[in-house]
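First comes the structure, then the notes that go with it.
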Amino acid sequence: MQRKKKGLSILLAGTVALGALAVLPVGEIQAKAAISQQTKGSSLANTVTAATAKQAATDTTAATTNQAIATQLAAKGIDYNKLNKVQQQDIYVDVIVQMSAAPASENGTLRTDYSSTAEIQQETNKVIAAQASVKAAVEQVTQQTAGESYGYVVNGFSTKVRVVDIPKLKQIAGVKTVTLAKVYYPTDAKANSMANVQAVWSNYKYKGEGTVVSVIDSGIDPTHKDMRLSDDKDVKLTKSDVEKFTDTAKHGRYFNSKVPYGFNYADNNDTITDDTVDEQHGMHVAGIIGANGTGDDPAKSVVGVAPEAQLLAMKVFTNSDTSATTGSSTLVSAIEDSAKIGADVLNMSLGSDSGNQTLEDPELAAVQNANESGTAAVISAGNSGTSGSATEGVNKDYYGLQDNEMVGTPGTSRGATTVASAENTDVITQAVTITDGTGLQLGPGTIQLSSNDFTGSFDQKKFYVVKDASGNLSKGALADYTADAKGKIAIVKRGELSFDDKQKYAQAAGAAGLIIVNNDGTATPVTSMALTTTFPTFGLSSVTGQKLVDWVTAHPDDSLGVKIALTLVPNQKYTEDKMSDFTSYGPVSNLSFKPDITAPGGNIWSTQNNNGYTNMSGTSMASPFIAGSQALLKQALNNKNNPFYAYYKQLKGTALTDFLKTVEMNTAQPINDINYNNVIVSPRRQGAGLVDVKAAIDALEKNPSTVVAENGYPAVELKDFTSTDKTFKLTFTNSTTHELTYQMDSNTDTNAVYTSATDPNSGVLYDKKIDGAAIKAGSNITVPAGKTAQIEFTLSLPKSFDQQQFVEGFLNFKGSDGSRLNLPYMGFFGDWNDGKIVDSLNGITYSPAGGNFGTVPLLTNKNTGTQYYGGMVTDADGNQTVDDQAIAFSSDKNALYNDISMKYYLLRNISNVQVDILDGQGNKVTTLSSSTNLTKTYYNAHSQQYIYYNAPAWDGTYYDQRDGNIKTADDGSYTYRISGVPEGGDKRQVFDVPFKLDSKAPTVRHVALSAKTENGKTQYYLTAEAKDDLSGLDATKSVKTAINEVTNLDATFTDAGTTADGYTKIETPLSDEQAQALGNGDNSAELYLTDNASNATDQDASVQKPGSTSFDLIVNGGGIPDKISSTTTGYEANTQGGGTYTFSGTYPAAVDGTYTNAQGKKHDLNTTYDAATNSFTASMPVTNADYAAQVDLYADKAHTQLLKHFDTKVRLTAPTFTDLKFNNGSDQTSEATIKVTGTVSADTKTVNVGDTVAALDAQHHFSVDVPVNYGDNTIKVTATDEDGNTTTEQKTITSSYDPDMLKNSVTFDQGVTFGANEFNATSAKFYDPKTGIATITGKVKHPTTTLQVDGKQIPIKDDLTFSFTLDLGTLGQKPFGVVVGDTTQNKTFQEALTFILDAVAPTLSLESSTDAPVYTNDPNFQITGTATDNAQYLSLSINGSSVASQYVDININSGKPGHMAIDQPVKLLEGKNVLTVAVTDSEDNTTTKNITVYYEPKKTLAAPTVTPSTTEPAKTVTLTANSAATGETVQYSADGGKTYQDVPAAGVTVTANGTFKFKSTDLYGNESPAVDYVVTNIKADDPAQLQAAKQELTNLIASAKTLSASGKYDDATTTALAAATQKAQTALDQTNASVDSLTGANRDLQTAINQLAAKLPADKKTSLLNQLQSVKAALGTDLGNQTDPSTGKTFTAALDDLVAQAQAGTQTDDQHQATLAKVLDAVLAKLAEGIKAATPAEVGNAKDAATGKTWYADIADTLTSGQASADASDKLAHLQALQSLKTKVAAAVEAAKTVGKGDGTTGTSDKGGGQGTPAPAPGDIGKDKGDEGSQPSSGGNIPTNPATTTSTSTDDTTDRNGQLTSGKGALPKTGETTERPAFGFLGVIVVILMGVLGLKRKQREE
């Protein structure tokens, strides 16, 4: 699919790891939820017996307790399941201890109907007082003071207790239950105080009332107790407002006054609460914006920045576990709805790293639209530090990059306020305070305690300083301890020993505890230690630790007080860097200013689900701080008492949102860098500085004047520049009623000019002053009241200042009224284009040790998909580098490397990117891809990987333009090229990587052996000469060798010189095993060598051992092994309880031999010999047993010449199992594990049960617990003996054990999964593109599983399958919420099925013909046209090359169509060119068209020959012209060459003398020179004759016009007359008209007048209408409603058209009769066809007795005769005859059924069968043929003309088909008889027909 946007899509800006400052839970217990649960529990207990309740409690206690603990700890940010068992037991939890005694409300002391408040309180106090003894006992166990007490609803109190001690509490007398409580955290007011928020609350009473903030995030828990308003009466969004919106939007709902609206845009449902267990990001964000907790106890509430603001829960992250990301469509919908519903501010703490500012990005466009509607957007900057910080994601640069930005999309949005993160000043954590009771106090300081059990282990203990032999603080070696350490707290120094060794030695020395002092010399605490939990230990910073050592040294016998508790302590990170080290750097990649401002985001406390709280860090926490502050600003703007209210009310759209941002940035406080001499922190990191909410509100209330850059932005964007003097303008706006003057601060720190620098020791980025740089105003800054002033400033840099550096800083202005304005500025001195877009091979980012190979070529094996680094070589020191001359792949399918691609480390964002393959001459072979933009490479902390650009692969094929086929490219040198423009630049950069396409393997010759003496040992070498003419021999020098079948697969070769003909001499040492296998004779050698393209040569040779002249017997593999087992090479088992052992070798003559079998008997070996190679093969059968065998090899068949003797042992007895049991013999289990037990034979070495190696006891018995999963489990047990023989047994065990009934409980078919399913019209079998319906099928795991999709319950079938349909339409992203549950459990989980589809292919319209070839003589062909699609993304490829693509990150739900204008050049080849044009949409639907172009180079054709018809004087002359060659066309011009047209076949008729030009042209556009032919022999007409002809034609034209206007003639002839009149007028108007042309026009016009036909007269109209009515009646309904296939109309409709035409009278009678005849012909054909189709062959082929012909022949004759008739009335009579014949044939069919005959002779008159009367001959129609015994078929009765026929009685009636049904003329019904004469019916027919014929005849006579 194309739509793979933004790398990892949009991720939560997230919370960064807290590391050492991870916060532990704190705060008191809340009991309300637990009380209600206890009450419900009591009610439940009353419904069951005590025994049942006890058993139920026993069964569920463990599970529910663990779950409750996990839930409680999860809200605190602790994953209970990740704690070890000791930690799980030692951790403290909050509980409510409930007493056995009843509470006041239940003990009978109070009457609930009238007890007073005082009485209730009095009795409650008594209950609480009675708790004293139990509390004392509880405190003995917990060592904690009891917390809050309860006595009215519940009798109990709260306390803290370790998990392990909970059962102890339950055993205390008087305790009824111990219930785990929910825990709440204290909020941290420090963040609000940092930004002066409290001052706004107190001074201005602004808390966000009347404002709405949209939280576009992971969701909000609207039931949280802090999600409240103090007064919900005066709110911006009422329930009614929301319901109006939801009625229109068709989604979302009202929740409460604090959260008036919410919707889950990701899952398409109303579940707005984030169900993530570990942390709820959106809930934390919501709390920072607007939590409104109550009370003074910070442990029980959180107060956000705008506590009275309403919050919108716009959930854009799914609750599905399948995805942690969201996409453009979801996000855009939430942004748009935020604006529509009226949000004042929207917050997005999310993003995708290193974004851009293009409005093609749908999210950025949506933010812009929201701004334009007046909704301010606040977005986090991101948590990725710099792109140069490698894997750290902090403010460091290890690569020396000029472009380090990482601000993410949509935070790059121009109109958004983008927020960086600063550290909070304080944090709550576990801390230690050490005192001596008099003056010493160390701490509180952050520590890491080895276990919470040891909080009291250090208090009031003596301390012991451990010293080494030098008298310095020891690092904890055991030898440094003395007996004096016993019972004391030992103090040691960090270093050398592991932490657990330090603990172990201190404990061994008898110390009571251990303190480890850091060794870095700073105040940084030691908190990341791997400590055991069994010995009391913590660490101290160097500073604090040294103070403790000094004090203890001076007071060795004194005890110290040590308090360890959760404490608010200074944030150590804040002391190191006020900014959060993770906050992403700006600017945007086009040098636009970002981030905009900083807010507290490091270590922030806020809300979590279920009334919980936690600490998080990230720009995600800083962004909502600004969102809340802008809500306060908006409230100030809405305050009618504000003196500037009228001004603020004028602000609309972007003017409003820009103003809010400007005010905050103008009043922000720049942060200084405490680590680098208090210089400024770069504006690229902090924006305008730390937000000061009070200063911003002060400005709105007192002086809202602003300063912005010339472009209106509240920061100066200098972009890139090269002059040392840079001028820019600022716009000052004075919104007051008095004149203001401003002075620029001259502070040498804040207002100095800075550039970026890198600390060489740490890589940390910081700013440094530019000496000699300054900014000065061009004039005094005076701004009139209510006006603006634009002032020019000049930035001056010293001439010595190097280019390619940032220049930045802050401008601070003090107003004459005391107000202040702050404005950051930033630019790049140098050329922004110059920074490289791609790191080179082995470049600055190349770090193999760190897993980062930077830019590197990838070679892929298509069969396996395995990728290899191309050209990678390793030097002698083990360093890896890429040799760009060794990069190659092969087009040979047998090679290892089948294609090449590039993995690019992009140093910058790039636009207009193209990836090409070039040949050795630099010609483009193909374009692999084209992209509008690419994002730079960075390390993604979420996925723990670098995000590279993986460019497409090239497999060595190309598109052959000559025939349109894909072909393999020639071997040779090529280039893999990427090119693009750095964002913000305008110059294209190119980066090339050379490689070779090589399909030929290297050649190897002269394989031999050599030997050298090295260190007194003979070293053998295999030598050869090798050559590769293209890619070169393998640069890694890898080679595989075999000597006598002893292999060395990891050998390497060295170069030993070069031969005269270019071969490389190579040698590779033999391994010791190979050397031992050498013999004196023909040694078989094999050399396997590859080139760099992986083409392999496998060369075999027979080699002699150096110095050897004899040819002894050589057995391959070093001889017959000492042992033959199932793993021995050469052994092959058979099915008869044994096998065959085969070996081979060489000898100059045939070899024979013997072997001994298991019984010791000698047998002959089976041997073969190849004299050509001197090689032999021998085999011997072996038995599955253990025995000794001998093998003797002889040089003769008589076995007298022994060559070699071998002794070996056959070891083929496999190990055996006895008493092997799986699951104690049962095939079923309900447990999580089963036992596999058994005993194995004594020779067994190992037993593997599945993946587990079983332990064998002395009796060779084993027992293994094997875990099993739900369903079928195949358990394999394999025993292996010392010889490698194995025996395997297996069994399938079916388990019903399922610890999580809902895990994997639903699976879908056909590739459908939870999460995103992306497909097009052809890629998904479950989808029907014609209907847009998806049919989803699948299966559930349990019969008790329930499945709900999109709010509808899905039926589950007995076989556990299901099927349901979803209407997906043809385009869009369609999410459907899924809820999976189980009827046996009271829990469900939420998932989502999301379908992203486009089922409509794009349309492609090309201006060049795709049906017929195009011919041209221009080699530069332009393909032009347009492509459109139903979505906005299109990519274009031509001839297989990707030549254009649009911005890929689209909003597929936008409804906006896609459009691409195509204008692409193609270089043509001479001859035929097949150009393939393809357009592809976002879901890979492709439309392809071909243009065939023939190209021949331009040439000049020979001129044509022109011949006149006469050269004598004549009125006309015809000029003919012939081209000089075939295939050419001659054209002529009569206007001097201005226009040309083809010469007609008959020639050019010339009527006036003149010059005519002729030229030849061909299909390619070639032309000949034009030749002139001058006509001079045209004789002119006599002027008098010409004038007479003109006058005659003029008169005739006038007459014709009069006739046309009379209205007396039919339309056809009138139209023809009009055309003739126009033609005559044209002839008359010709300036060179001749007498002949005028006479001809006169003649044609007179003909048209003569052909005028009068319209239908009234009397004929009446007759015609009657005739048509008669025909309609004759047809009846059945026949009339049949369709004429030639017109597609029914016959009745055709007759109705005729009736309408007759009534209009626009045609003549003859025209009507002709049309009617056509209709009747069609009727006859249709009727005949119907009769024949209804007649079985046995009847149709039977003879009609009356005619002697078959019935089929009768039908055909009647049809032919009728259609041959020219008269409509005759045709009607034949129609009647066919209808009569239909009745007769039907009777014959019935008779055939009854009698079994089909000859038409079985009917009787009384049964209606008739006598089979033949069809009348054409001349007999209408004559009386006697009684036919049957009625005509439906529609057969023709109503008579009342004027001519009176044969029917007035009593007659007819049915709806015109059939007489009663009266004298009625026919008998089926089965009736009649006594009427047969001629009565025929008489009627005859009279009717005669009347019609007479009428027609009369009309003709008239």
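Cβ atoms here come from the backbone N, Cα and C positions, even for glycine.
Taken verbatim from Swiss-Prot:
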ACT_SITE  D217  active site, charge relay system
ACT_SITE  H281  active site, charge relay system
ACT_SITE  S620  active site, charge relay system
COMPBIAS  1797-1812  compositional bias 'Gly residues'
COMPBIAS  1830-1843  compositional bias 'Polar residues'
DOMAIN    191-697  domain 'Peptidase S8'
REGION    1796-1874  region 'Disordered'
SIGNAL    1-33  signal peptide
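All protein chains considered, the CB of D217 (active site, charge relay system) has 30 other CB atoms within 10 Å.
In three-state terms derived from DSSP, D217 (active site, charge relay system) belongs to an extended strand segment. Of all Cβ atoms in the protein chains displayed, 24 besides its own lie within 10 Å of the Cβ of H281 (active site, charge relay system). In the three-state DSSP scheme, H281 (active site, charge relay system) is classed as helix. For the pair S620 (active site, charge relay system) and H281 (active site, charge relay system), the C-alpha distance works out to 8 angstrom. Taking the Cα atom of each, D217 (active site, charge relay system) and H281 (active site, charge relay system) are about 7 angstrom apart.
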